[in-house]
Amino acid sequence: MGTPEFPNLGKHCSVGDCNQIDFLPFTCDRCDHVFCLQHRSYTSHQCPNANQKDVTVLICPLCAKGVRLNPNEDPNITWDTHVNSDCDPSNYQKVTKKKKCPVPGCRETLTFSNTIRCKDCTKEHCLKHRFGPDHKCPGPRKPESTFPFGNMLRRSQKAESCSNSNSSSTSSSWWSSSLLTAATSFKSSAEAGMQKLSTATTQAIQKAKDGISTSSSNSGDLVEQCVQCPARFSTVGALIEHCEKSHQSNSQSSRSRVTVDVCPKCSKAFRDPVLLVEHVERDHGGTSRA
């Protein structure tokens, strides 16, 4: 068996009448014997263990599921076990019913290659009705409103009307009425605040106008006022005469009053303190002590 280069090449067939050497032998997965190409099947070499791993699957007519029959078990027992535990008749429609195009009058079966999903209505159609006008597409869904508070009020009002008609829904009626009451009170308080602000502004403007008119009526024609006293005069000449009589003497007396600094050593008088300091430093050696 084999050659000098490959002494273990090839094996003899296990069938007694054959015993043929095969360089590519087959090993049976049931009896683990080696056979040639002619006797590789179970029936050709009459394998005694052929039925041990036999696989038989039956399709259930109720649920369209596969039921595997066990080799060492009665098929009736296996079938009863499936019917009492795993059988689901609702699965039959899912498996056997083929998906078709939803357009009325179209009987096209939808498969992997001819199915198109519409972006607007998100439904699957065949290639013939893939465009919106062909399958009467309703268009994209409208976006929700950007005012959730208003929608909440409308929903609460609808809920309240429904609760009035149906006395059993007392809980939803209470929540909707509470929300509506809160919104109404918030609106009324805002309106009251705006009304108060408008009233206060009007009163302030009226008071300012009244003050201006009162001051002008009290002063009459006295438009010239003295800068040194609160006296008022009708003409500039009267104001000048008042200043000369009442405030001229005070200005002259203030001018006649002159501060004099006296040297403590020589009793020399100086009007400017700087001159006194220079005199002391120059004539008395920088000291003012006697």
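Placement of Cβ uses the backbone N, Cα and C atoms for every residue, glycine included.
These numbers come from a predicted model, not from an experiment.
So that you can see what the record holds, here are the features copied from Swiss-Prot:
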- C13, C18, C36, H39: Zn(2+) 1 binding site (BINDING)
- C28, C31, H45, C47: Zn(2+) 2 binding site (BINDING)
- C101, C106, C126, H129: Zn(2+) 3 binding site (BINDING)
- C118, C121, H135, C137: Zn(2+) 4 binding site (BINDING)
- 7-55: zinc finger (ZN_FING)
- 95-145: zinc finger (ZN_FING)
- 224-247: zinc finger (ZN_FING)
- 261-284: zinc finger (ZN_FING)
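Ranked by Cβ neighbours within 10 A across all protein chains shown, the binding-site residues C28, C36, C106, C118, C121 are led by C36. The binding-site residues listed here (C31, H45, C106, C118, C121, H135) include H45 as those with a Cα within 10 A of the Cα of H39 (Zn(2+) 1 binding site). It is C101 that, of the binding-site residues C18, C31, C101, C137, has its Cβ surrounded by the most other Cβ atoms within 10 Å. Applying DSSP to the zinc finger (7-55) sorts its residues as follows: 0 helix, 8 strand, 41 coil. In this view, C126 (Zn(2+) 3 binding site) is surrounded by 21 other Cβ atoms within 10 Å of its Cβ, with every protein chain counted. In this structure, the C-alpha atom of C36 (Zn(2+) 1 binding site) lies 10 angstrom from that of H45 (Zn(2+) 2 binding site).
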